[in-house]
Structures are given as C-alpha cells and as structure tokens.
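Taking it in order: structure first as structure tokens, then the write-up.
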Amino acid sequence: MPGIKRILTVTILALCLPSPGNAQAQCTNGFDLDRQSGQCLDIDECRTIPEACRGDMMCVNQNGGYLCIPRTNPVYRGPYSNPYSTPYSGPYPAAAPPLSAPNYPTISRPLICRFGYQMDESNQCVDVDECATDSHQCNPTQICINTEGGYTCSCTDGYWLLEGQCLDIDECRYGYCQQLCANVPGSYSCTCNPGFTLNEDGRSCQDVNECATENPCVQTCVNTYGSFICRCDPGYELEEDGVHCSDMDECSFSEFLCQHECVNQPGTYFCSCPPGYILLDDNRSCQDINECEHRNHTCNLQQTCYNLQGGFKCIDPIRCEEPYLRISDNRCMCPAENPGCRDQPFTILYRDMDVVSGRSVPADIFQMQATTRYPGAYYIFQIKSGNEGREFYMRQTGPISATLVMTRPIKGPREIQLDLEMITVNTVINFRGSSVIRLRIYVSQYPF
C-alpha cells in the first residue's frame with residue numbers, strides 16, 4: 001500500500017528455564033511465568049511501565065519488549081501465527097497440574113524499524129540518511145553528519161557548538177599568533193610587525209635583515225631585531241630621517257679646536273697656521289718660524305734681521321743725531337765737553353723686543369738697571385716719551401733697577417717706541433745726569 005510501511009510479524013519464543021538449585025522455573029526478560037499453565041507470557045510494557053515513551057512517541061508492545069515510534073509513523077499490521085513455546089519438561093512443584101501444550105490464538109504484531117531506520121524493498125531495516133534527505137534538524141550554521149540510525153549536527157573548523165548554535169572561535173584569545181592576530185569568521189590570520197616576515201607555519205615571525213636585502217643606509221647599516229640602525233663614518237652625523245649622513249662641522253663646536261684657523265672638510269677637519277708659522281705635531285698648535293735663523297728673510301747686508309712672532313724685521317743701522325756720536329751698533333753718546341750735551345741724556349741705548357697681540361696684563365715685559373753704583377747717588381726711573389696711551393708704567397724694584405709693566409692688552413700688528421729714562425742724582429757732588437733706553441716694541445698680529 002503506497003505511503004504505508006509493511007510490518008513483518010515475528011514470533012518471539014520465550015524460554016522457561018529452571019532456576020539453579022530451585023525447582024521453580026524462570027522466564028527470559030520481557031515474559032512472565034503463568035503458574036496455572038506453566039507457560040511464559042509476554043509482558044505488555046506499554047501498560048505496565050508509566051510513560052514508557054515520552055513526547056510525540058507512542059509505545060508499541062512487542063513480544064519480549066516494546067518500541068517507541070513517532071505517532072505519525074504509518075504502520076501496516078499483517079496477521080501472523082505464533083507457534084507454541086516449548087514447555088519446560090523438568091520437575092515442578094507437586095501442586096502444579098500436569099503440563100500440556102496450550103493453544104495460542106493467532107495474533108497480529110507489526111514489524112517496526114527502529115527510529116533512524118526504514119524498511120527497504122526486501123523488508124530489511126536500513127539506515128536513513130537524514131543529511132541526504134534533508135530530514136535533519138541542523139540549523140544553517142551547522143553541518144549534518146549522518147550516523148548509523150541517526151545524525152549529528154556539527155560545526156565547521158573555527159566554530160564551536162553552544163546551545164545549538166555554531167559560534168565563531170576567537171583564536172586570537174589563545175595566542176595562536178606570535179605577534180599580530182586578526183580574527184575572522186571561522187578562522188584567523190597572523191601577521192608580523194614591521195621588520196619581520198611570516199614563517200611557513202603561518203604563525204611565527206622571523207626577523208628581516210634589512211641590511212642584507214635592501215641596505216637602506218647611506219653609509220653603515222647595522223641589523224637589529226625587528227629593525228635596523230644606520231651609522232655614519234667618523235666626521236659625519238646622522239640626519240633626522242635616520243638614513244642619510246651629513247658632514248659634521250667640527251670647527252663650529254669650539255673656537256679652541258685650533259690655535260689659529262680650523263678648516264672643515266667632508267668627514268674631517270684640519271688646522272692651519274698663518275704665514276710665518278708651522279703646524280706642530282699636535283696638529284692644532286702653531287709655532288713661529290725664525291726666518292733670521294733659517295736665512296729666509298729679505299734683509300740686506302747693512303740691515304739686521306730681527307725675528308718676530310710670525311715674521312721678521314729688517315732693522316737699519318742706528319743714526320746718532322747731533323750732538324751724539326755713535327760709539328757702537330746700538331749706542332749713541334753725547335760728549336760731556338760738548339756744551340750742547342749739558343741738558344741731554346748722556347747715552348741713548350737702542351733695544352728691540354716683541355710681544356704677542358692681546359697679551360694678558362699686567363705683564364712685566366722689560367727690566368732696566370744701572371750698570372755702576374756711585375757712593376751717595378740714587379736713581380729715578382721713568383717713561384720719558386711714547387706712553388701717550390698710558391699702556392705702560394715703570395715700577396722700581398730696587399735701588400738701581402726698575403721694571404716696565406704693560407697695563408693694557410695691545411692688539412697687533414703694531415710698533416711702539418718708548419724712551420725709558422734712568423736719572424742719576426748724587427747730592428755729594430751735586431750731580432744730576434740721565435741715560436735713555438730707546439725701546440722698540442713690535443706687537444705681533446696673532447696671540448701666539
């Protein structure tokens with residue numbers, strides 16, 4: 001009949017067995033012993049067990065058991081004959097009547113397949129593929145997996161089942177990635193910080209050696225974990241972009257780097273000296289060249305070469321003016337017998353000296369003293385001429401000596417001529433006379 005399943009009637013034989021050590025017989029599960037007939041009769045569990053089947057399931061009694069099937073399941077009940085069960089031939093209690101083969105009526109029992117199975121054309125129970133027939137209860141977020149006699153609802157990778165729903169698993173919460181993790185529905189993806197590359201396992205990160213792959217630095221590249229550092233050669237400094245190097249102007253760091261002039265060059269610097277000087281081994285200090293000693297001057301034979309700081313001076317022979325007479329290369333004398341010498345210094349001595357520009361003051365630069373000391377005489381020292389700027393003064397240091405003191409720094413180049421006078425006073429013989437040192441001071445251009 002279309003739409004109705006055929007139910008095959010079956011006969012279940014109940015066995016009546018003696019109880020060990022007891023003459024009383026026992027029946028198999030699902031049957032009960034009828035003491036009057038001595039036969040094992042089926043127990044109707046649908047009547048004796050409360051709520052044997054629950055919900056939309058109905059209870060169908062079977063010989064020796066029962067089935068729970070959907071109430072909407074159509075059942076065809078065909079007649080079948082139930083053979084007699086074989087009686088137990090062993091001893092019985094004396095009160096029991098003699099056993100005889102009872103007559104069972106012909107009953108109709110349905111053959112029903114268990115839930116999840118269906119009858120095929122050969123009246124065999126075969127599994128129902130609920131997934132293929134779309135008769136499952138899995139929701140769209142789940143996957144139906146057929147099993148023997150049923151099915152299961154499962155979730156795809158990256159989801160887990162919670163209260164009948166497939167919820168995305170946040171893999172990033174469990175530290176699947178070594179560095180950066182991005183959760184996506186049903187999966188996740190790992191990425192790395194700048195300076196790293198993702199390994200083949202898709203999870204761990206490996207440092208990128210930027211110096212070996214691209215060498216972004218202009219000069220020296222030093223690889224670090226996850227990055228790199230650019231370094232510059234000596235004499236260069238790293239620019240703000242961290243990649244390029246610019247020349248370092250060492251000369252701008254300090255004015256004392258070189259004694260004279262600092263010359264900057266790409267990556268370095270050097271010190272230079274003005275003409276008349278040479279650079280010392282420390283590569284910063286300048287030393288005067290003695291042109292007179294090395295005969296590297298332009299003085300003629302009549303002139304005297306006088307070395308100065310950074311140069312030289314060709315000094316002409318002295319000329320003694322009337323009434324003075326030249327008595328040596330640097331001395332003029334006024335004869336006492338000459339009436340014109342009465343109020344003039346007895347001698348004029350020519351001396352030369354040099355000082356550096358900007359010399360610190362006060363500074364003792366020249367000493368003057370009497371060569372002969374007469375009884376009853378005393379001496380007075382003074383600057384007779386040339387000190388209009390009040391840059392010097394005479395300090396008497398003893399009865400017959402005095403020192404010329406420079407009181408103000410003098411910037412060169414400059415030439416100064418001072419007449420230093422020593423006055424001799426002798427009260428015993430009522431004598432007063434004087435001598436002069438004509439001092440020529442050459443101030444150099446540089447302070448060294």
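Backbone N, Cα and C atoms are what each Cβ position is placed from, and that goes for glycine too.
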Checklist entry - Can you tell which of C177, C205 Swiss-Prot lists as bonded to C190 through a disulfide? => result C177
Checklist outcome for this item: According to DSSP, C232 (disulfide bond) sits in coil
Checklist entry - Closest to N296 (N-linked glycosylation site): which of the disulfide-bonded residues C53, C155, C166, C177, C221, going by Cα position? => result C221
Checklist entry - If you run the three-state DSSP split on N283 (N-linked glycosylation site), which class comes out? => result coil
Item to check | From disulfide-bonded residues C46, C153, C177, the one whose Cα lies nearest C211 (disulfide bond) | outcome: C177
